[in-house]
Amino acid sequence: ALPPACTRRLLPLSLGLFQGALLLFFALFVTYNKPSARAEDASLLANELHGIFPLFQDIQVMLVVGLGLLLTFLPRYGLSAVTHNFLLLNFSMQWALVLQGLLHHLQHGQVHLDLHNLLTAEFAAVTVLISVGAVLGRTSPCQLLIVAACEVPIYLASEWAIITRLGVLDVGGTITIHVFSCYFGLGVSKALFGAARQAVHPKETPTPRSDLQSLVGTLILWVFWPSFVAVLCQPGDAQHRAILNTFLAMSASAVTTMVVSSLLERDGKLSPGHVQNGSLAGGVAIGAVADMAMLPVAALALGSLSAVACILGFRFLTPLLARKLALQDQCGIHNLHGLPGILGAVASAVAILVASEDTFRSHLPQVSPVGGNASEAAGGQWGGSGAGRQALCQVAGLAVAIGGSLLAGLLAGTALRLPCLARPPERLCFDDSQYFKIEDQAESPGLGSTAEEGALALKE
C-alpha cells in the first residue's frame, strides 16, 4: 500500500485532473439549447421552467441536506459523511452530463444542455449516493470516486436496457435507481471485504445526538420525496396523481413504522434506525406505480407493506446475511432500497394486470426517470394480451436491474482492492480525523483514545 501522505495527495490530484478535463470538454463541445424564436413556444418553455424548477430545488435539498444528514448516524463520522455525499453528488452529476451528452444529446459536434439534462444526470448521481452507503466509513474518498466513475456508465447502460429496450414503466426510479443502486452497492461491499466478517467497530454505535441528526435528514427527505417521484412525469393529471400517491404511501409507511418497530421491541420502545429508514420505504416502493391508474387505498397498502419489509429486513435479514454471507451493509441499503424496490416492482406488474386495457392506455407515463419516452417503448405491446406481456417486462426489468448491478458491483469492488486504493486502517474507520483537520483535538489520533481503539490498533 502507498504511504498515508501519498494516498492523501491522490484525492486532490485525481479531482483536479477530472475537473480540468471537464473544463476542456465543456469549452469544446457543450452549449445551451437555443430558445425558440416563436412567441408561443417561448411562453410554453417559460411555463415548463416554472413547473419543473421548484421540483428541481426540492430534489437538491433532498440530496444535499436530507441524504447528507441521514448518513450522520455514525457519531464520529458525520463531517465525512456529509462532505463525501456532497462531493460524490457533484462528481457523479458532472460525469453523467458528459456521458449522457455524448450518447444522447450530441448534435453537429455540440452537446446541447438544458435543465432536463441536468435532472437526468442527477438521477444518475443518486445511484452512487445510495450504493456507497453499503461501505460507508470503511472506505477512502478515492475508493468512493472509483465507485462513482464505474457506476454512472453502468447505470446509463442498465437504464437503456430496462426502459428503452424492455419498455419497463418506472417513472419514479424504483427499479432503475433504487434496486440497481442497492445491489451494485452490495456487490461492491462483498468484493471489497471478501469472506471476512467485519467485527463491530467501537465507533459504529450511534449516540442520541447522531440519531437525532439522522432523523432530521429523514424528515427532510420525507417532505420533499413527492417532488423526486413526480418531477419527470407528464405535467397535468399524471404528475398530480404521482404526488398524491407518493404522499399517501409515505404517510402509511411512517405510521406503520411506528407500529412495527414498537411491536418488535420487548419493552415497546421505538428503534431510531427503524424510524429513520422505514418512514422512507413507501417512497421507494411507490415510484414504479405512482402515476398509474389505481385506487388511493392501493398506495396506502403499498406504503405499509414496504415499511414492514424494511423493518423486518433490519431486524432479521441483515444479521442473517452478515452471518451466512459475511455481507457488510453499513447503512442498510438492502432494507430501505432493495426490499421496498422489489416490492414496488412486483406491485407494478400486479397493477398492470388488474387495470383494464383502456384505462391503462390513458394513463401510460410519458417520461422515464432518465428522459426516455416509456410510452413509446411500451406502445406496441398493448394489443390482445399486451397487459400480460407488459407485466412480464416489469419482472424482466427487475431481474436485469438485480443481476446486472450485482455483477458490475462485484467487478467494481474488486478494483477497489488495488494497492494504490488502500482502505483506511481499522482504528481510523468511522473517524473524521482521518480526512479533516479537527481543531479541538490533537493533530494525531494516536492508537486510540479508548480501550477498544487500543485493542484494534494492537490487533492491526
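Backbone N, Cα and C atoms are what each Cβ position is placed from, and that goes for glycine too.
What TrEMBL records for this protein:
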TRANSMEM  12-32  transmembrane segment
DOMAIN    22-419  domain 'Ammonium transporter AmtB-like'
TRANSMEM  52-74  transmembrane segment
TRANSMEM  86-106  transmembrane segment
TRANSMEM  118-137  transmembrane segment
TRANSMEM  144-163  transmembrane segment
TRANSMEM  212-232  transmembrane segment
TRANSMEM  244-264  transmembrane segment
TRANSMEM  284-317  transmembrane segment
TRANSMEM  338-356  transmembrane segment
TRANSMEM  395-418  transmembrane segment
REGION    441-460  region 'Disordered'
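Contact between the transmembrane segment (118-137) and the transmembrane segment (244-264) is not supported, since fewer than 3 Cβ pairs fall under 8 Å when only residues 6 or more apart in sequence are counted. Contact between the transmembrane segment (212-232) and the transmembrane segment (52-74) is supported: at least 3 Cβ pairs lie under 8 Å, counting only residues 6 or more apart in sequence. Mean pLDDT of the predicted structure over the domain 'Ammonium transporter AmtB-like' (22-419): 90.
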